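For reference, TrEMBL has these:
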DOMAIN    27-94  domain 'Ig-like'
DOMAIN    202-298  domain 'Fibronectin type-III'
SIGNAL    1-18  signal peptide
Amino acid sequence: MYLIYIFGALAITSGVFSQEDATTVLPEVREVFVAVGSSVKIPCADGEGKGVEWRFNSSVLVSSPVLSIQNTSLKDRGSYTCHQPNGNLIQTVSLNVGYPPSPPNVNCWSPSYPKRAICSWTLTPDPILPTHYITTYRSFSEPLSSARQCQKRAEGDRQCVLEELEIFAREPSLLNITAVNALGSTTYMWPFIFEQIVKPDPPVNVSVMVMPGRKLSVQWAPPPTWPDPVNFLLKYTVRFHWGKPETARTLGPYESNKMVLSGLVAGRTYYIQISAKDFLDDGRSSDWSAPIRATIPIN
């Protein structure tokens, strides 16, 4: 059985008003939050007399001082108004229908090892309602008071940045995500080892040059988000195919940022992509770079 939360809020209006309009006091807008599938009863303030009407999108719903909605769904969202028998507005109610937060599904990766990591999360079903996320992290054995904020760009963002993580730590770090909205809250804790979530971004500046003897010279550069490719080396894998992805072959890994493809077929067009991975084999490989195309001349 879901709980129903009813909050009061001041009406916010905008526009240009005349001197007479400036003295008009608008009725208060009530914010009502209800979970999908539950029932809700909304009384009309000062609407105890007979003939009170509830309207939705200007259409009369019911003549009653109490609006009752069973088995609410998303189509019930919107602005409801109750009116006196003469049609005067008594109150406006904004009905917000959604879900309480579910435990988040978390994905963390580090494209900028050892400087920082990124964590993102999804909720199923999506709460739909405005949801606030409290995100902190700390070493597993550290007290709660030592937790640091995972930095978000905006209040409702479902992605944040973790900095100053310990490398080669003997114990995991602990990410804590608490999701809160008007229908409830949930907390999820996820332990992780920094090295296990390393995932570089794809290499950049991939170029291909046709060479004599049906060869292709391939070069690339480390991803610019990888902060120190000198002390924290990357290794690279090359993938190429000729027209259909099922023909793809992979070569490597290579420690340098160039290689030569040989034994190719004249007249055939090849598509080349590069992937990067931490040199010590920590974490995961990057996604593949965008394909670069080159054709072997017939003559």
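Using the three backbone atoms N, Cα and C, a Cβ is placed for every residue, glycine included.
Fair warning: this is a prediction, and the values are worked out from it, not measured in the lab.
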Tell me the residue counts in helix, strand and coil for the domain 'Ig-like' (27-94), as DSSP assigns them.
3 helix, 36 strand, 29 coil
Determine how many residues of the domain 'Fibronectin type-III' (202-298) DSSP places in helix, in strand and in coil.
3 helix, 47 strand, 47 coil
